[in-house]
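Heads up, the thing below is written out as structure tokens.
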Ligand SMILES: C[S@@+](CC[C@H](N)C(=O)[O-])C[C@H]1O[C@@H](n2cnc3c(N)ncnc32)[C@H](O)[C@@H]1O
């Protein structure tokens, strides 16, 4: 049985209990206080209770973003937010975990950040007023557009060849993906279902589709 905590599990550190991150840096216990500019003096002094992997403990937010920027995937995620979708926070959190390049919010600017669990601070976010504006961005950035919804005309995500430089678009609870997104997509994919429900939660669907891209294109040696 594995005894050491994994890199994404809470470390207990000096002074910090399980579930609370790490306490203040203590030279006697942790070694000489780091002088590396990536370390944040306040976090070293007060402790670091943020939900970050151990490798980023005590690092400043800017240093963490800069480090992830060197490893971001050529994968963009968009979620349509014309109604105020409650799933966006969860989508942002998963996008952060997979080092997605940018999460695009289409429609309303406001979204419920609760489910993001502060991960939005480390994730590039971009707003577009309309799906047309999003599609223009994708064309300019050389991204293949993949609309994700279980609608007629879709092909199975499980067997589709997801493009490497991709923008995955997700719809919202109720209406699903807009006609504009469907019309503008290079590929329309659905996740196979076997039960009675007509659809799954948009955040869950986004996680499944992002992971399908990861399995196909990510370099696992670069994962934590
Ligand atoms: C809850 S669904 C609503 C729309 C859905 N087309 C329906 O018939 O009810 C919200 C979003 O989740 C994603 N989604 C849910 N289930 C999916 C599935 N089986 N395949 C692909 N996407 C799905 C899509 O992006 C969809 O627009």
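Cβ atoms are placed via backbone N, Cα and C, with glycine included.
What TrEMBL says about a protein is an automatic prediction, not a curated fact.
What TrEMBL records for 13-22 is compositional bias 'Gly residues'.
The compositional bias 'Basic and acidic residues' feature in TrEMBL is assigned to 26-40.
Summarising the annotation, TrEMBL assigns domain 'tRNA/rRNA methyltransferase SpoU type' to 75-211.
Annotation source TrEMBL lists region 'Disordered' at 1-40.
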Kindly state the mean pLDDT of the domain 'tRNA/rRNA methyltransferase SpoU type' (75-211) in the predicted structure. 95
Sort the residues of the domain 'tRNA/rRNA methyltransferase SpoU type' (75-211) into helix, strand and coil with DSSP and give the three counts. 44 helix, 37 strand, 56 coil
What does DSSP give as the helix, strand and coil breakdown of the compositional bias 'Basic and acidic residues' (26-40)? 4 helix, 1 strand, 10 coil
